[in-house]
Amino acid sequence: MDLFDQVMKWVVICWLIVPFVDGFYLPGSFPHNYNVGDQLAVKVNSLTSIDTEIPYRYYSLPFCKPLEGVKDSAENLGELLMGDRIESSPYRFQMYTNATETFLCKTDPLSADQFKMLKERIDEMYQVNMNLDNLPAIRYMKKDNFILRWTGYPVGIKLQDTYYLFNHLKFKILVHKYEQTKVAGVIGTGDGAELITTNDKGGEGHHGYMVVGFEVIPCSFQHDFKLAFELSMYNKYPAPIKCDPNTVSMPIKEGQPVAFSYEVEFEESDIKWPSRWDAYLKMEGAKVHWFSILNSLMVITFLAGIVLVIFLRTIRRDLARYEELDKEAQAQMNEELSGWKLVVGDVFRAPDNAEFLCVMVADGFRILGMAVATIFFAALGFMSPASRGALVTGMLMFYMFLGIIAGYVAVWLSRTISCDTCGWFSVSWRVACFFPGVAFLILTSLNSILWGSHSTGAIPFTTFLVLLLLWFCISVPLTLLGGLLGTKATRLEYPVRTNQIPREIPAQRFPSWALVLGAGTLPFGTLFIELFFIMSSIWLGRVYYVFGFLLVVVILLVVVCAEVSLVLTYMNLCVEDWRWWWKSFFASGSVALYIFLYSINYLIFDLKSLSGPISATLYLGYSLFMVIAIMLATGAIGFLTSFLFVHRLFSSVKID
């Protein structure tokens, strides 16, 4: 009754509190109420290009700066690793107050370096990225009766060997009435916490406005420098400015200044605040995306079902045939029989480099756990596109704290396979350093390239120190703790003894490793459709949001990897090849090979505009990092499944 009383007590408390709480929002995703006339501040992000994939700071180009100086916004670890650099801008609006011909600034005459840099950024199709109330600026284009949506706007355009700069911006801000007057339990992080909030001037029942859309139209306008000479920032330009996105009139020339201006228009919209991200999520190809995912799921589920049915029927037939034999028949037929039962004395013989295999399996198990946990919470909305950097930050946190499981699995597995040769500390230490060391080596090499290019994609030195501290102060101790706990776990006893002399493996008709490498095609079939959209999200700047489908695909991938590895292991044992350990790992892990080949195909056919050896090196380097992680995760699935299957198979048969 005590427990029941406590539960009822908390139920009554929650019931009493609910009427006074109107909303609770996830970090970085709560609405802001602005009264008419309140100030709105636009922030700028890094300049990006799908041609180079090398981001640069906004103020690396001669743009106007705020009067109070450029201020950096608070950035999380994920934003820094993704190359985001949020900074203040001189663009200022007043809520629900339209403004036209607003003069911003006139730059000094362009130097030779500035003129050259502007031409390079225009040639490389760099985009200017802006944020208002945590919403990226979106640009609409009409092409062939289709409306295209793009985030950001181009720096400029080149026409007939002349470079034109988009120096006048027309902003359109969609707002929705805010009727909520009592909001409790609100949490704010990131950009949202820095935006200007207001008091409820109108008291109970006052209606403010929320920002639900942020559109931009870039224009190239030739200002009269004589008129702009004595103007200050935010003064009204003394002549009308016509913003026509289809015409350009502001050529950039060395030794001449550039003037900037903007206008803003507010429009009340029926879009509600929870739906304001729909415009960004409904990018082109959404219908094809959903249809392809469903088609892939149906086909792969059907194939996996066929493999599973055939596999179970074969195993049951073999077990029934062997178990129905009496002892005399077994003794008489043992010399004539061929198949997996003949390798009973060698099937559990420790493989070459057993400790390294345990390390790879444990690290793969940790990567798989990190991926599933991250995708699960992303599907629940905890890592939405509104929370920049949350996805990468979550992945790092999950990877670190899952170190305790990785250490446990590695030590338990090493003591099961070769108990007398592996110490728990050395195994745990290798697990803690293997994949992070590989990642550190790859990222450091790529980071040196980005540093040399002065890109915001380069990880700052202080962030490198933070990553090292997280690695050696959290990840390593947790992995060692997991290894220590693994020493107390009960090792898995083998059901049969291992012969002292290895059995000779008969000559094979087909190379077994060819089958192992070919086995990755079936798991790749579960991924390649989803992989296209993930690659487009990473390299083409599109928003990826269907994490629920991705979670289903990952679960399906785990099932298919397990089945493929089981089938290949069984086939190896049937031809009396007892060296199944590494082959079971690479049978499912070989999917990484096809993903890498697909990445090269994507580079050649989908990233045709990617220019320069530096951009290609960065792309291939990050792709290599990705496929190593996938190989470890899928390989761990195949090995652990095959290991438990082999143990169960030989435990079910009576062996003399």
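The backbone N, Cα and C atoms fix where each Cβ goes, and this holds for glycine too.
Taken from TrEMBL, the feature transmembrane segment covers 290-312 (among others).
The transmembrane segment annotation in TrEMBL covers 365-384 (among others).
Per TrEMBL, the feature transmembrane segment maps to 390-411 (among others).
Annotation comment: TrEMBL describes 431-452 (among others) as transmembrane segment. Within the same chain, residues 54, 359-360, 362-363, 366-367, 403, 406-407, 410, 458-459, 464, 467, 471, 475-476, 479-480, 483, 614, 617-618, 621-622, 624-625, 628-629, 632 sit at least 6 positions outside the transmembrane segment (431-452) and bring their C-beta atoms closer than 8 Å to a C-beta of that stretch.
Among the features that TrEMBL reports, transmembrane segment is placed at 458-485 (among others). Here the transmembrane segment (458-485) has Cβ contacts under 8 Å with residues 77, 80-81, 396, 399-401, 403-411, 424-425, 427-429, 431-433, 436, 440, 443, 447, 450-451 of the same chain, all six or more residues outside its ends.
Residues or ranges marked as transmembrane segment in TrEMBL: 513-539 (among others). Counting residues 6+ beyond its ends, the transmembrane segment (513-539) has Cβ neighbours under 8 Å at 50, 53, 285, 289, 292-293, 295-296, 299-300, 303, 307, 546, 549-550, 553, 556-557, 560-561, 564-565, 567-568, 571, 583, 586-595, 598-599, 602, 606-607, 619, 634 in the same chain.
Residues annotated as transmembrane segment in TrEMBL: 545-568 (among others).
Long-range contacts of the transmembrane segment (580-604) within its own chain (CB-CB distance under 8 A, at least 6 residues past either end) are made by residues 347, 351-352, 354, 357, 360-361, 364, 512-513, 516-521, 523-524, 527-528, 531-532, 535, 539, 561-562, 564-565, 568-569, 572-573, 610, 616, 619-620, 623-624, 626-628, 630-632, 634-639, 641-643, 646. The annotation transmembrane segment is assigned in TrEMBL to 580-604 (among others).
The transmembrane segment annotation in TrEMBL covers 624-646 (among others). Only residues 6 or more beyond the boundaries of the transmembrane segment (624-646), in the same chain, are considered here, and those with a CB under 8 A from a CB of the stretch are 347-348, 357, 360-365, 367-368, 371, 435, 438-439, 442-443, 523, 557-558, 561-562, 564-566, 569-570, 573, 580-581, 584-593, 595-596, 599.
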